[in-house]
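Undergrad: Handing you this structure, nothing more for now.
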Amino acid sequence: MGAGLSQEARRQERLLREQWEAARRQVRERRGTAGEGERRVLAQLLVLTARGWRLLVGRGDVVLVGPGGVFVVGVGDGGGGAAGLLAATRVTESAVAALGMSPVAVQPVMVAAGQGLDHGHGRIRVLGEQEAGRVLLAQPRRLRAESVRAIADHLERALPGREAVALEERTRPPDQRDHDGLFDLDGLRDAALEGARRAPIEQWMTFLHPDQVALVRRNWSGPARISGPAGTGKTVVALHRAAHLARRTTGRILYVTFANNLPRVQSTFLRTMAPAVADRVDFRSLHSWAQEFLQERGVPVRLNGDKAETAFSRAWTHVGRESLLARIDPGPGYWHEEIDHVIKGRGLTRFEDYAVVPRRRRRAGLHRTQRQAVWELYEEYEARRHERGVHDFNDVLSMALAQASQEGGPVPYAAVVVDEVQDLTLVGVRLLHALVGDAPNGLLLVGDGQQTVYPGGFRLTDAGIDIRGDRGQVLRTNYRNSRQILDAALAVVADDVFEDIDGVPTPGRRDVDLTYHDGDVVRVAEPTADAHDRELVGALRALPDGALADTALLCPSKRALGHYQRLLARAEIPARPLEQYDGNPVDAVKLGTYPRAKGLEFKNVFLPRYDTALTDTAPETDTARERAELMRSRLFVAMTRARDLLWLGSVTGPPAPRR
Ligand SMILES: Nc1ncnc2c1ncn2[C@@H]1O[C@H](COP(=O)(O)OP(=O)(O)OP(=O)(O)O)[C@@H](O)[C@H]1O
């Protein structure tokens, strides 16, 4: 900076110098017996008290509460080293849990002799003596002033034996200036400026409902499950849980979803909310993880979706098209799904098993002869796939399961968290279960059967996962949607009874508690597609500056998506594919299909021609009914992504070309 220092930087520097000198003096007077290193650290922490932080000094550690969160700082050699610091952290975590504060917001820090240190040691962040104040000052803002006050007051009562210490405001005689040439005041000044500049982190990254905190900290004796309707904080709890487990163990945590883009977004969130452990949580999509796992084990994978697709098309032409299957549903898609989600998705390799398997969430009942026809198609597909020497996505999971089930292999993860579990196949769930087995706090399955966006399904009992007693938890408070938005979404699936992975049938219109939250549904019905599109563009343009960063436009199909992509390009409205979204704000509309939006949320959600996903008349065949139901489920997911505005466009026709 030097000569170019801004006025604010100069003011900060002057203030900091005064505070630093006063702090040094105070520590020298009160803690004369402490070593120089310890005194220097305490002086830095005292400076923080002049900047909105509170200090509770104990024996060997200091609890700090400030805009950057709650820190338990090990100083000097009065305490019990790392073990003592972790014990003090746990006590502090318990104390703040009553206020709804997540354990991940309480961070243990060890200050060590030396300079330029900043690294993780297990769950403890290690900072050099010179860095402590600077690093804490530069933290993104996590707590507002009133929260700092409330938490510090609470901790003063809850943690007896600690002394509240603050920098005393005294007028400084001019001849007592304490020139401490060794200390990096510039660093402290820059950190203070940086801390003030950084955007505060989201409230949910620090505060949860006390019931949610209890789930995050709970000890489960085996696999556990968290379910609940859309927007009830399942992912939020799962993220805090992953961070909490990462701090409790030295192993790695695997956080898996089915979709590809979700892990990126969730990883961004975790990095902000619990940076110290972020590197020990692997956010992965199931298939990409399985491929890498096989590679590490030296198992060759020749995944080729296109060639596998061709193998299926040929098989259909050869044995499917003229078979009795075509009478049930003439489209090959339904039968491809049957192979993907029922036969291979469940890992079936013998007809006798398929002949009797319960085909969960498949609406067309198939008797034995019909199943035989499906099996022939399956065998033909497998033969043609082998001929081409390629694997499909299901093969990858089956091979990974075979590897993971082998005795004696290294256990790569201490815990596995599965988000959106309802969209996994049975083999996928078995694979993840095989990684950690029934270990305490090993497997956590999070999801909601009502938001299923792929066909087929499974029950936990099919996977041999036994979740009993308090290991099955249901969240019931929707924190995302307003009454209007949730009502509009529930109306779509009101008549669809669904079965979740526990096998319990649940009515579509579920009881959900709502938190008070504003939010509107805007319905636009136009006689022509052009008029509809003009309204859409107008509505997007009417959004306030900067709003596009938190806006999504979602479509039922890729084809429709192409249309709106071009429309937005012509209208010069910035847009980004949802696939590229990683949770960091970009001032552009996020464009994607309904299934792509799963697990995400946006302030504004635009669903042009949303009613193409709905059918006016009851479908005549079972397979058409199943498809219609799946479309409603996807639309429901898309609608419940909206926090503040749900824009529903439709074309009343005539004539409205179908998209
Ligand atoms: N205790 C809480 N207080 C306030 N907001 C909360 C709380 N818990 C969660 N939220 C907010 O609720 C919203 C939904 O949370 P989350 O995405 O975890 O829900 P979900 O159950 O996973 O949703 P879905 O199944 O629809 O994907 C988020 O905006 C989150 O910040």
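The backbone N, Cα and C atoms fix where each Cβ goes, and this holds for glycine too.
Where the annotation comes from TrEMBL, it is an automatic prediction and has not been curated.
Marked as ATP binding site by TrEMBL: GLY228, PRO229, ALA230, GLY231, THR232, GLY233, LYS234, THR235. What TrEMBL lists as domain 'UvrD-like helicase ATP-binding' is 207-482.
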Undergrad: Within 10 Å of the Cβ of GLY231 (ATP binding site), how many other Cβ atoms can you find? Include all protein chains, please.
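TA: Its Cβ has 26 other Cβ atoms within 10 Å.
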Undergrad: For the binding-site residues PRO229, GLY231, LYS234, THR235, which residues place their CB under 6 A from an atom of ligand 1?
TA: GLY231, LYS234, THR235
Undergrad: How many neighbouring Cβ atoms, not counting its own, are there within 10 Å of the Cβ of THR232 (ATP binding site)?
TA: 22
Undergrad: Using the centroid of the Cβ atoms of GLY228, PRO229, ALA230, GLY231, THR232, GLY233, LYS234, THR235 as reference, list every other same-chain residue with Cβ within 8 Å of it (recorded ATP site), in sequence order.
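TA: Neighbours within 8 Å of the Cβ centroid, excluding GLY228, PRO229, ALA230, GLY231, THR232, GLY233, LYS234, THR235: ASP448, LEU475, ASN478, TYR479, ARG480.
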Undergrad: I want to verify one value. Collapsing DSSP to three states, which class is THR235 (ATP binding site)?
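TA: Helix, per DSSP.
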Undergrad: Secondary structure at PRO229 (ATP binding site) (DSSP, helix/strand/coil)?
TA: coil
Undergrad: Are there any residues at least 6 positions away along the chain from ALA230 (ATP binding site) with a Cβ closer than 8 Å to its Cβ? List them or say none.
TA: ASP448, GLN450, GLN451, ASN478, ARG480, ASN481, LEU486, ALA489, PHE636, VAL637, THR640
Undergrad: Under 8 Å Cβ to Cβ from GLY233 (ATP binding site), same chain, six or more residues apart: give me those in sequence order, or none if nothing qualifies.
TA: TRP204, LEU208, HIS209, GLN212, LEU475, THR477, TYR479
Undergrad: Which chain-mates of GLY228 (ATP binding site) that are at least 6 residues away have a CB under 8 A from its CB, listed by sequence?
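TA: Same-chain residues close to GLY228 (ATP binding site) (Cβ under 8 Å, separated by 6 or more) are LYS234, ASP448, VAL474, LEU475, ARG476.
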